Amino acid sequence: MSARVLCVLAAACLGVSDAFNLNGAGSFGRSRRAGSPSHRLRRGFASLDVFDESFLNSPSTVLSQVATATAEPEQAETYAFQAEVSRVMDIIINSLYTDKDVFLRELVSNAADACDKRKVTLTSHNLPYDHGCIKIRADKRRKLLIVEDTGIGMNKTELINNLGTIAQSGTAKFLQQVADGQADASLIGQFGVGFYSAYLVADQVEVVTRKDVETEDGQLLRGQTYRWRSNSEGTFTVFPEDEEKMDDPFETTGTRVILHLKEEADEYMEDYKIKELLRKYSEFIQYPISVWSEKVDYERVPDPDAPVKPGDPPRMKTVTKRFNEWERVNLQPPIWRRDRDDLSDDDYFEFYKSTFKSYDDPTGYIHFKVEGQVEFSSVLFIPGSIPWELTRNMFDDDSRGIRLYVKRVFINDKFAEAIPRWLTFIRGVVDSEDLPLNVGREILQKSKMLTIINKRIAAKAIDMIREIRRQGGDKWDKFWENFGKYLKVGVVEDRDHKEQIAQLLQFYSSKSGPKQTTLDEYVSRMKANQTAIYYVAAESRQAAAENPLLEKLRALDYEIMYMTEPLDEFCMQSLQTGDYMGKQVVDINKDDLRLPEDESEDEKERKKQKRIEMENLCDWLENYYGKTVQKVRVSERLTESPVLLVQGEFGISPSLQKYIKQQAAAQGTQENEMYGMAMNQLIVEVNAEHPIVEQLNQMVLKDRNSRNAKEVAKLLFDVASLQGGYTVNDPGAFAKGIVRLMKREADTFLDNLGSETEATES
């Protein structure tokens with residue numbers, strides 16, 4: 001924004017405050033006529049390109065009252081703002097709103113507020129409340145859109161104050177905040193922002209209104225009707241209306257906003273468009289909202305042109321009848337504000353289907369109210385099936401799960417700040433009376449309130465999911481199939497509720513059979529000497545069950561959880577950072593696995609000697625495998641297999657490695673660029689008790705350059721890779737090695753067979 005524009009805006013700010021006497025008694029002087037010297041002087045200053053500081057500090061130079069053009073009634077008073085005010089309006093119209101449709105939301109919200117104030121006024125005077133209402137109709141002939149309410153109305157002073165303070169003191173700061181995207185929520189009322197959204201679609205706006213007058217003894221008498229008019233170009237006119245000459249005078253109090261629509265705003269003349277916007281933004285306003293709607297009916301009438309034989313009944317024809325009538329739009333009451341005891345499952349199901357355009361019943365729901373630092377009412381639903389937009393991307397930006405309402409007015413359905421990402425699949429409404437909104441109600445201000453709402457929604461959602469889990473059966477199975485992956489993300493991302501979410505997880509295990517088991521159930525089956533929850537990552541249940549990593553754990557009769565999806569491993573790694581119910585969470589694929597020792601001293605000494613015997617083989621293998629592995633050592637966890645591959649402290653499982661490679665290929669990057677050396681921390685463990693390892697050790701002791709020893713070492717590594725879920729780098733060479741081994745065994749068998757035959761013959 002240029003210095004000149006800011007200077008002009010500052011002039012408007014300083015001048016209007018004093019001209020309106022906002023800090024004084026609130027009274028207004030009579031207007032000066034256009035021909036007065038002071039008026040001519042002010043118009044001269046208004047045309048200057050540069051303002052002097054002394055001019056900025058003059059309270060009488062910015063806002064003036066001038067005579068109305070001849071088209072206005074004789075009593076009309078026109079208030080002329082400084083010429084730069086049109087720029088102020090332009091900034092507001094173009095910076096505050098990203099969607100022109102919201103003008104109707106703002107006008108209806110204002111109308112509902114006016115009805116609220118009317119109710120308070122009547123109640124405070126012990127008068128019966130005549131129930132407010134809001135009506136909207138389009139006049140296609142004159143291209144007008146009219147929004148009318150039976151609210152409290154405004155008198156002349158309030159018209160000038162409420163609709164004319166856009167340039168009051170502080171405007172420059174306010175506009176700078178708007179330009180920076182940091183507008184203060186508390187400024188909405190002061191600047192009449194909602195009302196001025198009308199100029200998004202209208203080039204002229206009129207406001208006709210009437211308010212009761214309160215006498216000294218507290219009685220309410222019928223007040224004068226006034227009309228406010230402006231084209232947003234720097235002036236507005238206020239004058240009293242002669243109710244006897246009005247086509248549609250007010251029966252009680254109220255306000256009628258008349259929009260002279262722009263050429264490009266023709267769509268708002270159609271009743272279906274208005275009803276569409278009302279159902280989107282204002283469906284749950286507590287006052288009836290009716291739209292003047294075109295209807296079509298068909299009637300059977302006699303056809304005078306059709307030939308009829310004497311004595312025959314007259315022939316009939318169908319004629320189309322077009323007519324208009326008031327159609328109420330907001331028929332559905334806001335279910336979240338009703339007493340839960342008065343509602344049935346069908347009530348919630350119907351609301352869910354209607355609001356979120358679903359064809360199936362929700363799997364579960366929860367209705368609650370929060371009081372304290374933040375007060376809001378809410379109903380949350382778990383969909384019966386995966387919302388279609390989440391079938392493409394589980395965190396799709398277009399997923400509109402939570403609908404935010406403030407005083408029953410729809411504000412936003414992209415409620416990312418107030419709901420954890422892992423609850424993207426949840427559908428629901430949140431309605432608050434006091435949420436802070438920035439100007440235009442378009443974007444939620446970041447505040448502590450949002451943090452509180454976020455935590456409360458998460459806690460209530462967990463309660464709802466926990467109840468579905470308690471019920472079990474098909475309902476839980478269906479939920480887990482559809483949304484189980486979101487809970488795993490929750491364990492990773494939601495630190496405040498990590499353990500609560502983890503209690504809902506379920507996985508297959510070495511003892512779960514065909515069904516999955518929870519972590520709590522696992523802990524309940526732990527052995528007396530078991531101190532940790534053990535898990536292994538694999539591509540399938542079968543691959544996990546056949547992994548040599550499990551051999552020692554099975555011998556101890558320990559249960560092992562199977563992580564068969566990439567998310568599973570991330571989830572368990574997150575739990576490893578702390579513990580679960582006082583138990584460590586341990587990945588048995590890591591080299592630092594420590595298991596209880598229940599061996600005798602003699603057995604320990606025997607194994608120690610074995611390790612010493614294998615030191616030469618371990619050194620030889622480490623040299624042979626080279627940079628492919630970090631080290632080779634004697635295994636403490638193998639009981640059946642000859643060789644095993646494990647990962648170092650920061651290594652990742654083979655199944656996750658494959659997943660990362662797939663993602664890297666899709667993104668056109670190398671996996672090592674994403675994770676550095678994390679994918680290459682292989683450690684080879686050999687089973688010192690296995691015959692093949694013992695024979696290989698003898699071969700190496702006899703000849704460190706033995707070709708057969710190298711071939712056996714290569715085959716052992718490839719076999720361990722396959723058993724552990726890794727990819728064999730050269731499948732062709734592996735196959736040839738197996739064939740050579742088979743041929744060697746066959747030759748040995750034939751040689752032995754020949755020797756046996758010769759011995760028999762001799």
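Backbone N, Cα and C define each Cβ position, glycine as well.
The annotation ATP binding site is assigned in TrEMBL to GLU106, ASN110, ASP149, MET154, ASN162, 169-170, 190-195, THR255, ARG441. According to DSSP, ASN162 (ATP binding site) is assigned to a helical segment.
Here TrEMBL flags 98-265 as domain 'Histidine kinase/HSP90-like ATPase'.
Marked as signal peptide by TrEMBL: 1-19.
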**OP:** Quick one: give me the count of other CB atoms within 10 A of the CB of ASN162 (ATP binding site).
**Re:** 17
**OP:** Could you tell me which of these binding-site residues, GLU106, ASP149, has the greatest number of Cβ atoms within 10 Å of its own Cβ?
**Re:** ASP149
**OP:** Tell me the Cβ neighbour count for PHE195 (ATP binding site), meaning other Cβ atoms within 10 Å of its Cβ, over all protein chains shown.
**Re:** 18
